[in-house]
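**Student:** Here it is, the structure, as structure tokens.
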Amino acid sequence: MASVWQRLGFYASLLKRQLNGGPDVIKWERRVIPGCTRSIYSATGKWTKEYTLQTRKDVEKWWHQRIKEQASKISEADKSKPKFYVLSMFPYPSGKLHMGHVRVYTISDTIARFQKMRGMQVINPMGWDAFGLPAENAAVERNLHPQSWTQSNIKHMRKQLDRLGLCFSWDREITTCLPDYYKWTQYLFIKLYEAGLAYQKEALVNWDPVDQTVLANEQVDEHGCSWRSGAKVEQKYLRQWFIKTTAYAKAMQDALADLPEWYGIKGMQAHWIGDCVGCHLDFTLKVHGQATGEKLTAYTATPEAIYGTSHVAISPSHRLLHGHSSLKEALRMALVPGKDCLTPVMAVNMLTQQEVPVVILAKADLEGSLDSKIGIPSTSSEDTILAQTLGLAYSEVIETLPDGTERLSSSAEFTGMTRQDAFLALTQKARGKRVGGDVTSDKLKDWLISRQRYWGTPIPIVHCPVCGPTPVPLEDLPVTLPNIASFTGKGGPPLAMASEWVNCSCPRCKGAAKRETDTMDTFVDSAWYYFRYTDPHNPHSPFNTAVADYWMPVDLYIGGKEHAVMHLFYARFFSHFCHDQKMVKHREPFHKLLAQGLIKGQTFRLPSGQYLQREEVDLTGSVPVHAKTKEKLEVTWEKMSKSKHNGVDPEEVVEQYGIDTIRLYILFAAPPEKDILWDVKTDALPGVLRWQQRLWTLTTRFIEARASGKSPQPQLLSNKEKAEARKLWEYKNSVISQVTTHFTEDFSLNSAISQLMGLSNALSQASQSVILHSPEFEDALCALMVMAAPLAPHVTSEIWAGLALVPRKLCAHYTWDASVLLQAWPAVDPEFLQQPEVVQMAVLINNKACGKIPVPQQVARDQDKVHEFVLQSELGVRLLQGRSIKKSFLSPRTALINFLVQD
């Protein structure tokens, strides 16, 4: 037993003294801990009745490190256990946590602690989405290297997370800007390139003509001007890297049907992808009969009718008319604004080898997000009119049989097939030849990942004048970022300035070549990070397949709803791709999603739109006004930000109220998916403060009852007291059932807290005799503390330390020599699950108890049936017959129906 006492520390040593013949009541002696004079039980051996702010601080100071060390000792290596992978979206290391961070990480921490108590093998990892524009801006503005700025911020934010008492799986920490992570981002990019899913084409960028540099959208103000130079931003075509996400559109759209837990988010994903009814096909381009080496990709919703093509149409804004194409002059000479224009450029279908003209359409906007489409008169009246107007030849390729079946004609090997069969066969053939054929929508675009930035993952491609774009050999990864001494924010891509880094040898021919100087969009880094968490230190591959297959999919993914479209789409894309590469067995990465709401602060705004600080506002009148000018202010609730002067510093509120109080406030103030209006004067904060006080008071009453010198003897309870204890037993089981459901199904942690508050209220009303002699009271009190532990780990740890030292306990199924967070989650007693055939339904009339009647179990939850059952009973006939009943209210949980009667 000695190792047990050593592991559990001071309060266990007190218990040992009692078990070894000490007195049968708690000794209220004060132990002096070197360097501290605390007033809490764990430090002094003396229970204090008062639960003050100082007590809360002392409790959290005492338990903070102990809980952290406790969590670090729990092994994650036992693969025989069922697993639970809870993941909160990792933060950008901006340098300071905000309340939104506190909310999402409090939720994930609470769920992780709960699942550990259920006996699950749990990981709750944390890392840093560390590449990105702010670090580069800081380098320009403050003359700091992005690496230094980022690492400093990570160090500070890690300390902040630690001060919040959050127990992450820190041994799994990842940082996307470190070579040991982005090596594998580059590896996955090369796999995409080899699969034909990464390619280059021209695309528009924001161009600053003064600084001669590309700007991110965030660097362009509302007037279309550069953030630094103030110059009017231009749109310019540059050759950019894309990932062909459209190749997985249909698979990802179909897979949504297998995600029943994605409530609210599935619709957003489906809308982003669009209706996958067609595909893109590739064409080579000729002018005046000469091949140009250029390609054009165009969309059709009816690829089965491709042999009936009359033309390929492009919009007036197409890149061929505005970029660096060799066809630009020929196309522009043919352009007549406002008219459909036939051009001398011919498009050769790479699947069918048909040659058709390119037409510039009069209308600027095509369907969806298209800028090119295939004209097929057999399936489009609009295409028929255009072909006839311009005198274009085409074939009718669809025949309708007498029974209404449509079959193909004049369509090579597809002739005679039904349209449905031809659609499948033709798109499959196109995919096999890598000339298109991926079923997608007319609105989804491929993912542009090029960024003309320094602080991002280098794209592992070498440009050779002989071999063309060539991937860096896998054994030569990572391609690390060169050390650039200064950043000006001007000129071309920063990496282009590092000439020693740019100039290299071609991996194939060994001739002179140049590295790609664009870096990847940071969304690429975060599109696969959930895989790396499963095997974060693997030096040989992004992750081990067997390890990833054990932990994946993520059981619960928590993050802001603002990421419910793009980030989730890209993450799903990477997961589908890795599945097809035989890297993982699961296609979808996330089982359940919890998109938490915002934390909003109150704002005060002048009619001019200027936001005021709270100190500038006069709140003494009926409406807020500007303290100086007395102008009326617009008062709103908005997402917290510095510019709106409505932010709250997490460290300040934790210092003021304590960690557990802020945790409980965040979890109790609103359901996780709803916004929280941050106002500590509302009922939520006083409510959770009162609840902590009630938990403390309940424990005090129990300790005092058992320390009174009287032995607990259940047989001394009267029938009335036994009935009271039975009610507590029923209430406890009901709460266990409902709280467990909230933790596992709907994650309504606010409702879980409400249930626990109800149980604590019921326990508060227990008679002194029940407290002393009833095992039901003891069990319900202990179950309450265990269920509250994931929500408020510090105060419940202290309370459990007090409960553990109570002599002559009646409940043997708790592990009294372990802390509350190491207890097994309470289970509903089997007897409670055996529902009785008859429920004793309490009948109230105008809120006054009038008796009980037996009601069959099968109707006890049906409002109308219980209502009628009561009316036909002897009690109902006697008390309700002939009276005007306005309404009745049924409470199935408490077996009570209340009739409101007109007197």
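Placed from the backbone N, Cα and C atoms, the Cβ positions cover glycine too.
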**Student:** Tell me which residue from LYS116, LYS236, LYS286, LYS339 Swiss-Prot records as N6-acetyllysine.
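**Tutor:** Annotation hit in Swiss-Prot: LYS236.
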**Student:** For the record in Swiss-Prot, which of the ranges 149-153, 629-633, 639-643 is the motif ''KMSKS' region' one?
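**Tutor:** Here Swiss-Prot associates motif ''KMSKS' region' with the stretch 639-643.
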**Student:** Quick one: which of 59-69, 92-102, 301-311 does Swiss-Prot have down as motif ''HIGH' region'?
**Tutor:** 92-102
**Student:** If you count, for each of the recorded positions LYS68, LYS236, LYS642, the other Cβ atoms lying within 10 Å of its Cβ, which residue has the minimum?
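**Tutor:** With the recorded positions LYS68, LYS236, LYS642, fewest surrounding Cβ atoms within 10 Å: LYS642.
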**Student:** Around the Cβ of SER711 (phosphoserine), how many other Cβ atoms lie within 10 Å? Please give the count over every shown protein chain.
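**Tutor:** Around SER711 (phosphoserine), other Cβ atoms within 10 Å: 12.
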**Student:** Can you tell me which parts of the same chain pack against the motif ''HIGH' region' (92-102), counting only residues 6+ beyond its ends and a CB-CB cutoff under 8 A?
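**Tutor:** Contacts with the motif ''HIGH' region' (92-102): 128-130, 132, 134, 150, 152-154, 156-157, 160-161, 164, 560, 598-599, 639-640, 647-648, 650, 662, 666, 678.
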**Student:** Check the Cα-Cα distances from LYS236 (N6-acetyllysine) to the recorded positions LYS68, LYS642, SER711 and tell me which is shortest.
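**Tutor:** Result for LYS236 (N6-acetyllysine): the nearest of the recorded positions is LYS642.
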**Student:** In terms of Cβ proximity under 8 Å, which residues at least six beyond the ends of the motif ''KMSKS' region' (639-643) contact it?
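**Tutor:** 98-100, 598-601, 611, 678.
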**Student:** Could you break down the residues of the motif ''KMSKS' region' (639-643) into DSSP helix, strand and coil, giving a count for each?
**Tutor:** 0 helix, 1 strand, 4 coil
**Student:** DSSP secondary structure for LYS68 (N6-acetyllysine), reduced to helix/strand/coil, please.
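**Tutor:** Helix, per DSSP.
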**Student:** Go ahead and report the DSSP secondary structure tallies for the motif ''HIGH' region' (92-102): helix first, then strand, then coil.
**Tutor:** 4 helix, 0 strand, 7 coil
**Student:** Could you measure between LYS68 (N6-acetyllysine) and SER711 (phosphoserine) for me? Cα positions, answer in whole angstrom.
**Tutor:** 37
**Student:** Whole-number answer please: how many Å between the C-alpha atoms of LYS642 (ATP binding site) and SER711 (phosphoserine)?
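**Tutor:** If we compare the Cα positions of LYS642 (ATP binding site) and SER711 (phosphoserine), the gap is 60 Å.
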**Student:** Could you say whether, by DSSP, LYS236 (N6-acetyllysine) belongs to a helix, a strand or a coil region?
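**Tutor:** Once the DSSP labels are grouped into three classes, LYS236 (N6-acetyllysine) ends up as strand.
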